[in-house]
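Participant: Annotated Mg(2+) binding site per TrEMBL: Glu133, Asp174, Leu176, Asp177, Asp300, in sequence order.
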Amino acid sequence: MAPMGIRLSPLGVAVFCLLGLGVLYHLYSGFLAGRFSLFGLGGEPGGGAAGPAASADGGTVDLREMLAVSVLAAVRGGEEVRRVRESNVLHEKSKGKTREGADDKMTSGDVLSNRKMFYLLKTAFPSVQINTEEHVDAADQEVILWDRKIPEDILKEIATPQEVPAESVTVWIDPLDATQEYTEDLRKYVTTMVCVAVNGKPVLGVIHKPFSEYTAWAMVDGGANVKARTSYNEKTPRIVVSRSHSGMVKQVALQTFGNQTTIIPAGGAGYKVLALLDVPDKSQEKADLYIHVTYIKKWDICAGNAILKALGGHMTTLSGEEISYTGSDGIEGGLLASIRMNHQALVRKLPDLEKTGHK
C-alpha cells in the first residue's frame, strides 16, 4: 500500500511516465539539433533561421566589393613582384616547356605574388571559385584580411551594389604576366591581373603595372578608370603581337592590310591589351589591334577581355567566337582584340591567320 493511504492508479502511473518521456525527448532532440547545426546539418547555431547569405549555394557577392579586393590584390602582388626583381634574386626555374618548346619559367616573384593575391581574395570571398596560374600550397596558408572599404574612385563610378550568386563567379589570377621578360629585366611588359567572370562571361578586369604603379580597372555595365583612345587606324593598323612569334603574324598581316602595317613585338597579354587603350604611362606602346595565334591560358586574357568589353571593345578567338571563362584553363583558337573597330569585318579578313594558329 502507498504511504499515507494514497492508492496509485495504474493508468495514472502510465500517463505520468509518458509525460516524463515526452519532456526528456523534447530536451534531448533540442540538444541534438544544436549539435548538428554546428556541422552545417541544421539551422544556424543560436536558433536563427538561415538567411540568403547562409544558403547552401554560398549566397551572393557584391561585384563592387570584388572589384575593390581585386584591385588591392593586384597591387599587393605587384609589390612582391617589384621587391623580388629589385633584389635581383629571382630563384628562376622552369616548370616545363610551352607548346612552342620554350621554357615555361617561374620565379620567386611569381610564387610570392600568387600567395598574396590568392589568399587576399580567398579570405574575402571564401565561397567563390579561384583559378590561378601558380600552384597554391595548402600547407602554406595565409589569412590576409581586407578592411571591407570600397575606394572612392570605384564608388563614384558604381554607386549601387551589384549582387550576383557566389556560385556563378569564377576568379582568374595571373600573379606575374610576362615572366620571360621579367627574367630579362624588361620591366615595362610585366603586369599582375585579376578577372572576375560571371557564368563564364568576363565582368571585372584589373591590370596592374608594378614598376610604373599604374592600375587599370573596369566593370561591364558599371564603370572604369581607363578609356579608349579617340582614334584607331583600321586600314593599316599597328598590330601588337607576342615577341615569340612576331614573324608568323607579320607575314599574314602584311598580306591582309598591306605593306604599311606595323608589327609591334611585345611581352605579356596585359601589356598588349593596354596598348589598345588611352594609358598615361610613357613606357606603354600604342597599337590598333592585338593578335595572338597560338594556344593561350585564360588567366592571361580574362582581365583584358573584361576591360575591353566594358569599354565597348571585343576579344574573341580568331574565328570570332566569344571566349568562355569556365571549364578548361586555355583556348586553342588564338585571339583577336579590338576597340572602336568593326570587329567581325576584321575576323573575316584573317581566315588564314586562324588556320596558322592551329598548326
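All positions are counted from 1 along the displayed chain.
Cβ from N, Cα, C; glycine included.
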Participant: If you draw a 10 Å sphere around the Cβ of Asp177 (Mg(2+) binding site), how many other Cβ atoms fall inside it, taking every protein chain shown into account?
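Facilitator: Excluding its own Cβ, the number within 10 Å is 30.
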Participant: Other than Glu133, Asp174, Leu176, Asp177, Asp300 themselves, what residues in this chain have Cβ atoms within 8 Å of the centroid of the Mg(2+) site's Cβ atoms?
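Facilitator: Here the non-site neighbours turn out to be Ile173, Pro175, Ala178, Thr179, Thr191, Thr192, Met193, Gly268, Ala269, Gly270, Lys297, Trp299.
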Participant: Counting across all protein chains shown, how many other Cβ atoms sit within 10 Å of the Cβ of Asp174 (Mg(2+) binding site)?
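Facilitator: Around the Cβ of Asp174 (Mg(2+) binding site), 33 other Cβ atoms lie within 10 Å.
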Participant: Taking the Cβ of Asp300 (Mg(2+) binding site) as reference, which residues of that chain separated by at least 6 in sequence fall under 8 Å from it?
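Facilitator: For Asp300 (Mg(2+) binding site), the qualifying residues are Asp174, Asp177, Met193, Ala269, Gly270.
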Participant: I want to check the contact list for Leu176 (Mg(2+) binding site): same chain, sequence separation of six or more, C-beta distance under 8 angstroms. What comes out?
Facilitator: Gly77, Val81, Thr107, Gly109, Asp110, Ser113, Asn114, Glu133, Tyr182, Val190, Thr192
Participant: Hey, what's the Cβ neighbour count for Glu133 (Mg(2+) binding site) at 10 Å?
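Facilitator: Summing over all protein chains shown, Glu133 (Mg(2+) binding site) has 22 other Cβ atoms within 10 Å.
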